Amino acid sequence: MKRIGVLTSGGDSPGMNAAIRAVVRKAIFHDIEVYGIYHGYAGLISGHIEKLELGSVGDIIHRGGTKLYTARCPEFKDPEVRLKGIEQLKKHGIEGLVVIGGDGSYQGAKKLTEQGFPCVGVPGTIDNDIPGTDFTIGFDTALNTVIDAIDKIRDTATSHERTYVIEVMGRHAGDIALWAGLADGAETILIPEEEYDMEDVIARLKRGSERGKKHSIIVVAEGVGSAIDIGKHIEEATNFDTRVTVLGHVQRGGSPSAQDRVLASRLGARAVELLIAGKGGRCVGIQDNKLVDHDIIEALAQKHTIDKDMYQLSKELSI
């Protein structure tokens, strides 16, 4: 293999630049040329492809976002559109592709693989919802961003004796909410994977108030429903002074944590190794702190699951 491509797709996550850097430097170390594909699959279709050198990825390991930009490209689901992308890859002499992104990005890589073009997926999403890996690139940074925000909100919640409902990202996965809620001692954590009884939530808040608790923190993953509606329901049912904070896209930004930089470097380099070995159609991950790779088609057939023990622990510690 003499030439590979790399792209980032879907929602950005802190650490993507570190992964790009690792792909480029690992490949060049093995005398392989690297081409960056800008704006994800949309740039692949349009041919926005440029050669990357060592200097192209200098001074980016500590930067959030993605140097290659990103975009969503629903039209890539069309086989004819994907063929245009493959034509662009072949036009530039690219023999293998590293795709950094989340579930949708993996779906694109899977489809390209099924159409005969070797791809390796690298998990880049703050949601931590990709099967085949314990952690995704960006999750740790986003988690620390959320924890920092909740710490600050707790200060003002204490001062004003208020209940705060804090919405975090996670349409289908509650990892951010669960980990942040446990780390910050939230009174209640609501996630898409677990059903909840609003009356039970209210009863828990009332019990806390009866024993002298002056404030409460409720962490809600966006996939559960409207945090605003939940806040209104709580205030009406308890008469507690209640506020709602939606953290939004601040969770996707910022300089990546040390953990995300190291994880991205390891996974990006491993993706190149797989392409060199002729092992396309794979996705890389980290499990028990060891690098692993899986068939991308088989990985996508799996379902992300929440850590049930951690969820139970969060309930036991929030009594």
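A Cβ is built for glycine as well, from the same backbone N, Cα and C atoms used for every other residue.
If you look up Swiss-Prot, you'll see G11, R72, C73, G102, D103, G104, S105 marked as ATP binding site. Feature annotation from Swiss-Prot assigns ADP binding site to R21, A22, V23, V24, R25, R154, G185, A186, E187, R211, K213, K214, H215; the stated evidence is sequence analysis. The feature Mg(2+) binding site is assigned by Swiss-Prot to D103. Residues or ranges marked as substrate binding site by Swiss-Prot on the basis of sequence analysis: T125, I126, D127, R162, M169, G170, R171, E222, R243, H249, V250, Q251, R252. Per Swiss-Prot, the feature active site, proton acceptor maps to D127.
On the structure: features taken from Swiss-Prot.
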{"residue": "G11", "record": "ATP binding site", "DSSP (3 states)": "coil"}
{"residue": "R21", "record": "ADP binding site", "DSSP (3 states)": "helix"}
{"residue": "R72", "record": "ATP binding site", "DSSP (3 states)": "coil"}
{"residue": "G102", "record": "ATP binding site", "DSSP (3 states)": "coil"}
{"residue": "T125", "record": "substrate binding site", "DSSP (3 states)": "coil"}
{"residue": "H215", "record": "ADP binding site", "DSSP (3 states)": "coil"}
{"residue": "R243", "record": "substrate binding site", "DSSP (3 states)": "strand"}
{"residue": "V250", "record": "substrate binding site", "DSSP (3 states)": "helix"}
Distance [Cα-Cα, Å, rounded] between D103 (ATP binding site) and T125 (substrate binding site): 9
Cα-Cα distance, maximum over R21, A22, V23, V24, R25, R154, G185, A186, E187, R211, K213, K214, H215, record's ADP binders, Å: 58
Spatial separation of G11 (ATP binding site) from R25 (ADP binding site) - C-alpha basis, Å: 24
C-alpha spacing of G102 (ATP binding site) relative to R243 (substrate binding site), in angstrom: 32
Listed binding-site residues T125, G185, E187, H215, R252, filtered to Cα within 10 Å of G11 (ATP binding site): T125, R252
Most distant Cα pair in Å, residues G11, R72, C73, G102, D103, G104, S105 binding ATP: 13
Nonlocal residues around V250 (substrate binding site), in sequence order (Cβ under 8 Å, 6 or more apart): T145, A149
Rounded distance in angstrom between the Cα atoms of E187 (ADP binding site) and M169 (substrate binding site): 19
C73 (ATP binding site) and D127 (substrate binding site), distance between Cα atoms, whole Å: 19
